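Features reported for this protein in TrEMBL:
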| type | residues | note |
| --- | --- | --- |
| BINDING | K9, K10, E11, L12, R13, R139, L140, G141, F142, G143, G144, G145, Y146, Y147 | ATP binding site |
| BINDING | V55, E60 | substrate binding site |
Amino acid sequence: MKRRDDMDKKELRRSQLDLLKAISPLEYEQKCFEIEQRFFRSDFWKNSEVVAVTVSKPPEVNTWNIIKRGWEEGKTICVPKCMPKTKELIFHELNSFQELETVFYGLFEPTPSITKRVHRDSIQSVIVPGLAYTEKGYRLGFGGGYYDRFLSGFNGHTLSLAFSEQLVENLPLESFDIPVAEIITENGRIHCE
Ligand SMILES: Nc1nc2c(c(=O)[nH]1)N(C=O)[C@@H](CNc1ccc(C(=O)N[C@@H](CCC(=O)O)C(=O)O)cc1)CN2
Ligand SMILES: Nc1ncnc2c1ncn2[C@@H]1O[C@H](COP(=O)(O)OP(=O)(O)OP(=O)(O)O)[C@@H](O)[C@H]1O
């Protein structure tokens, strides 16, 4: 039987996704632009040479321009690959969108045979994805527990990009949940620590 918190989370995921899907295309573009602009001005971005980021899929905040800007600025951009059996997340250096492949869930992942693996210790900063966040930086993800596992033992900087619609009063918290240090929305920056 599923635990009560898991059921809550499942419902929360569904309702957050519905909320995000209801953002109109023009509003989506504008908010993504504002989040991006604020992000590029942040110390997080300026001080990170090796950055881990997901390849976004709507209705998530768009990360494609961040990847491109990173390449322009000579940063090392690492993107995640899921290991479904162990629920482990590994990162590979991405230098072209053509190095991506679709493995499952309609998500883009690095093609392992043509990209170099980057170990966790070499990653300075991680942009952590999620569906909902509290102002303390706690996060509801897609449910794999991939980032919770990756972040336990990660000592670098963490940040999430979110629409203000993704900020919630509270979330069902569990012992393994690791908060992100800051959140950038179209309206401002939240310092969580
Ligand atoms: N763009 C993007 N890429 C990303 C993430 C993300 O949030 N956004 N991830 C962030 O972690 C990882 C992928 N996360 C995943 C999380 C769960 C499942 C999955 O298989 N889910 C179950 C349902 C789980 C549930 O609802 O309880 C399934 O579909 O069977 C797949 C991928 C890595 N890449
Ligand atoms: N550090 C960990 N060690 C072992 N199991 C974990 C850890 N973190 C999470 N899990 C397991 O992973 C499952 C999914 O966790 P959770 O619902 O918190 O995922 P999520 O935060 O929504 O997803 P993600 O971290 O991928 O964005 C849970 O059943 C949990 O037991």
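Cβ coordinates are placed from backbone N, Cα and C, and glycine is handled just like the others.
Those TrEMBL annotations? Automatic predictions, nothing curated.
Known features from TrEMBL, placed on the structure.
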residue : record                 : DSSP class
K9      : ATP binding site       : helix
V55     : substrate binding site : coil
E60     : substrate binding site : coil
L140    : ATP binding site       : strand
Y146    : ATP binding site       : helix
Here the Cα-Cα span from E11 (ATP binding site) to E60 (substrate binding site), rounded to a whole number of angstrom, reaches 18
Just the number: how many Å between the Cα atoms of K9 (ATP binding site) and E60 (substrate binding site)? 18
Result for ligand 2 contact check over binding-site residues E60, L140, G144, Y146 with Cβ cutoff under 6 A is L140, G144, Y146
The number of other Cβ atoms within 10 Å of the Cβ of G144 (ATP binding site), counted over all protein chains shown, is 13
Do you know which of the binding-site residues K9, E11, L140, F142, G144, Y146 end up with C-beta under 6 Å from ligand 1? F142, G144, Y146
Nonlocal residues around R13 (ATP binding site), in sequence order (Cβ under 8 Å, 6 or more apart): L131, L140, F142, G143
In the structure shown, which of the binding-site residues E11, E60 has the fewest Cβ neighbours within 10 Å? E11
If you count other Cβ atoms within 10 Å of each one's Cβ, which of the binding-site residues F142, Y146 has the most? Y146
Among K9, K10, E11, L12, R13, R139, L140, G141, F142, G143, G144, G145, Y146, Y147, which the record lists as binding ATP, how far apart in Å are the two most distant Cα atoms? 20
